[in-house]
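Below is one structure; the comments refer to it alone.
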Amino acid sequence: MRLKQIKLAGFKSFVDVTKVPFPHQMTAIVGPNGCGKSNIIDAVRWVLGESSAKNLRGDAMTDVIFNGSAERKPIGQASVELIFETQGEGTQDLPTNNFHLAANLAERNEVAIRRTVNRDGQNLYYLNGCKCRKKDITDVFLGSGLGPKSYAIIEQGMISRLIESKPQELRVFVEEAAGVSKYKERRRETELKLGHTSDNLSRLADISQEIGIHLNVLDQQAQQAGQYRKLKAQERELKSIIATVKYQSAQKQLDKLNTVIAELNVHMAEAKNALGEQKLALSKQEQAIEHDYKTLSDAQHTLTSTNQEHSRYQQELATAQHLLSNNEKQVARYLQKQQDIVAKSEQYHQEIARWQEKLAALAPQTLAAEQALVSAKAELLNLEQQVASQEQLVQMQSRERLAAQEQRLAQQEAQLASQELLAKLTAQLEAKQLQFKELNEQPVADLSALTEQIQRLKDQITNSQAQLNAQAQSNNQLEQDIKQAELALADNKQLQLSFNLQLAQLTKQLAVKEEWQSECEHWLTAQGITEFNSYREAISVDKNWQAAVDKVLGQWLDAYLLSADNFQLISANISNTLESSAIDSQSCFHDNSQSDSKNSSQNNEHKAAERFWFINQENLEQHANIGSLASKVTTHLGFVPLLNQVKVAEDEASLQAMLASVDTLTDEQYIISADGTLWSRAILSKGRASQGINRLTLQYEYDELNQQITELSPIVDAQSEKLKQLQGQQQSLAKQSTVIANQLAEQKLALQKAQSEYDFAQSQVDQRNRQLASLSQELGKLTLEHQSAISTLEQSKAGQASEALSAEAIEQSEQALRALQEQLAALIAQKHSKQQALNDAQQQLQQLQLQHQQHSLSLRQSELQLAHTSEQRHSTDDQLSHYQQELAQLPKTATLEQQVVAANESVEKAKVKLASAELQLDESKAKKSQLAQQISQLETKVNQHNDTAHQQALKKEQLVFELNAAKESLSELKELNQQQVFGEPTGSVASYQQQLKQVQRQLGELGAVNLAAIDEFQLQQTRKNQIDLQIEDLTQAVATLESAIAKIDKESRQKFKTTFEQINQGFSALFPKVFGGGQAYLALTSDDLLDTGVTIMARPPGKKNSTIHLLSGGEKALTALSLVFAIFRLTPAPFCMLDEVDAPLDDANVERFCNLVGEMSKTVQFIYISHNKIAMEMASHLTGVTMMEPGVSRMVSVDIDEAIAMAEVS
């Protein structure tokens, strides 16, 4: 058997009907990633019975159905069909193995297996077009290597999982190769049968033991039953003889009864004619009431609609007034806000004028400081020129004084120059140090504090803006909630109004009944009776059967339960007593039309009694018959007998079954359905009870409606309270939004001010830092020059010539030099003073510039605040204009008030019309009540005649029954003739009755007798013999099953051991061939061949690994392929499917893999998926899978041999 073709439709990406043929031994399926190649492998696994969605790369089994693409809609069903060839050219080269098809399949040329699934998750299996079970598909491939856990289908990643499988999982592959899987399935089925057989055997043994005990008892009862039958025969014979004496007397009584019944029929016909006329009048009155009800309904509908319109107008008026009040408040608030903004604008204008005046006052001071600075710079320049000139004079004097001694003078000049330079540098250094100290000690603004303040203001603005946005969202949500709450409240109020109207109607109807009940209780109290119960209040009826109970009992629901003494007292005061009514043999009613009233008080008392019925409480039945109407009633006092005489039809099927046997009912038995339709042997009464006696349903509707109103009231109150809370939340939210908006404006203004202060302080700090850096450089330079001058002076002094001038020359030179130096020092002091004055002027100018900048900044802030105030004013003007427009567009409250007044008038008119309709309806009901009372009286008479006629008919039937029974009894006496039956008896009645008493006494002495004991003894004896035979058969079956299990275990052990050894040999031989050396083997985990696991050990050439898990991915793949091909060599499956098993292999190992597959393909059909070019070249047939349309896979096939032949020809 080989795989010929796969047919897919709607399976994953193969949405169209797609046929995948496999004409050769090696077929390669190629295509880009994601095109659906692996879906073919999934389809084969799925159709073979895979039930795990995870193994099919899905979450549910319905995931295999095409779920749509960008251009296609999802479909509702997936189908996959595998077609196998069992005979033909393609199967001749395939090897024979242990796998054999069933005889009915082996005779076919092809075997087709199909599986379908729809969106409801329903899976269907077909074998050769016939629907079958999943088990049938599994049984076909048991032992073939195919199945849900097949070693013939190796998917992506399964190679590594195969090597890393647990011992029990790996055992499955060996069992499948050995064909043990079908033995295991048969063993499992045999064990199930053995368990069931053992259970049956145990139950049969228990039954046999019980029957044996029961047979001993039945044997005694059978002997007693034989004696009882003999005595009973004597009793029947004596009774038949006695009946002969009574026959003629009964015949005379029967003639009299026929005469009485004829007279009753005449009276009954007259009463029925009168009753028909009254019912016709009642029907007309009911039509009038229906018309009045319609008028009342129209009036109620008009009142409801006008009330709704009135409520709507009131709601619109309240809404308009609320909106008007809100808009007026908003207009007033924005007017006040506008006034505040005008006041702030005026304040900002004044501040701007004040800062402009301060800036104008600073202008002349700044100009004077600049002029003083220019003057100081000019004087300093003049002094510098004087110093330079003095220095020149000193130099000239020195040259003239030291002309004679050129060398000494030169040294002195050098020394003097050094001293001058030193003095100059010292003065400059001191001036720069003083300037650096003063500049460094100047106060500097705290930039970090300003930065923190700015960041804090930004955070506050962000939070305020977020709060404002959140408030806006909350306000929108509140508006939606308020609208929904208003709609829900209006709906519930309308529903509440409707419920109240219905409740008012039901209350009126129940009030009439309560009035009747009060009058009757008053009448009972007047009779001296204080203990009584209303039967309707003493029972509880299933709500589905209330209409039926209303129909059957009618006015008896309002009957009062009385004790026997009280009942006798009432019976004595009532003119009519029903000796046998439909309710009880001691039930009665009072008819006021037949009583003589002496005064109005007695009239009132009997008026109540004529409408109420009374029941003797002691005659109520305490048990409800199964299937009767009494079973639908719950009471602790007892059941009216009529309820046990009415059978209930639970559904249509039981009703039809009962109606089929309606002729078997007696005159007192009835059938009723839940809707109140009543059947008997002669009548059909369809429909519910009339409104006047529909008490249970009316009370149930009243209680249900009252419960709904009770449940609805707190809902309406809660919704009203919720609406008030929502409106309060909206007002509070509006106030909070205003506060937050004001805070946001103030925070933005503060941020602008802080940013301006930060910019000014930053410019000051930058300027000071630049000055300090410049002074630091100059100080460093002057320090170096000062140190150099000191060194030069010291050298000059050290190198002065040893000759000394004369004291006079030296003195003169020193005096001249000192004079010049003093002048030079005075000039330098003046220069320092001027330099200090220049510094003071510069500092004063800087202070004035700083004040000017601060005033300018304040002026800028005031201008910004003024601009912001102007924006607020424009925004306020816009909002004020908006609210004024809304105020103008609001509906006029005067118009709405007129509409409300008009609606009020409509409501009053509707109420008047409703009252008129109710009055008309009450009058019609009163007329109907009078007719109903008359009909009730006539029905009572008819019922009395019916009851009397029924009693007489019962007596007649009893007499006829007795005569017939006597005839039957007499016919059993074979020694009596016909004359003895109808003539005088041969003996006296007393003697026969004495004999009968003696026989009956003997029967009484026997006690309870089981008459069926004889037949039951024979039946149970036969049954016990059959059970004993079954026990013997089951015992043999258990032995047979246990023997079969032992045989299966023995064969399974032998097959598993043989197959394991052969696979181990093949694996050990194939592994070195694949790896070029090394060793590999299989090992068992225990000695129990039925339960042992299987482990793998493989060591490639040059490696001594302790476990197979240490191998690389490619080594694991080749090891797994070696094991699979070793199994195939021993037990080839019909085909082998490989899904990218060559992916982890390099080119050298791929060539080995291809050689191995090529060798195996001589006996096994290979279908593999690959991206490797070497593996593609090996195939004799290429099948390409493309996805030109996104999400839809299609097939492209190429026959390699034909392609090569065409290439050679061309």
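Each Cβ is built from the backbone N, Cα and C atoms, and glycine gets one as well.
Per TrEMBL, these features apply:
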| type | residues | note |
| --- | --- | --- |
| BINDING | PRO32, ASN33, GLY34, CYS35, GLY36, LYS37, SER38, ASN39 | ATP binding site |
| COILED | 247-316 | coiled coil |
| COILED | 366-495 | coiled coil |
| COILED | 716-785 | coiled coil |
| COILED | 810-865 | coiled coil |
| COILED | 900-1051 | coiled coil |
| DOMAIN | 3-1193 | domain 'RecF/RecN/SMC N-terminal' |
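Feature map: TrEMBL annotations on the structure.
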{"residue": "PRO32", "record": "ATP binding site", "Cβ neighbours (10 Å)": "11"}
{"residue": "ASN33", "record": "ATP binding site", "Cβ neighbours (10 Å)": "7"}
{"residue": "GLY34", "record": "ATP binding site", "Cβ neighbours (10 Å)": "10"}
{"residue": "CYS35", "record": "ATP binding site", "Cβ neighbours (10 Å)": "19"}
{"residue": "GLY36", "record": "ATP binding site", "Cβ neighbours (10 Å)": "23"}
{"residue": "LYS37", "record": "ATP binding site", "Cβ neighbours (10 Å)": "22"}
{"residue": "SER38", "record": "ATP binding site", "Cβ neighbours (10 Å)": "19"}
{"residue": "ASN39", "record": "ATP binding site", "Cβ neighbours (10 Å)": "20"}
Mean predicted confidence [pLDDT] for the coiled coil (716-785): 78
CB-centroid shell, 8 A cutoff, ATP site PRO32, ASN33, GLY34, CYS35, GLY36, LYS37, SER38, ASN39, site residues removed: SER13, GLY31, VAL1185, MET1187, SER1193
Secondary-structure category, per DSSP, in which GLY34 (ATP binding site) falls: coil
DSSP state at ASN39 (ATP binding site), helix/strand/coil: helix
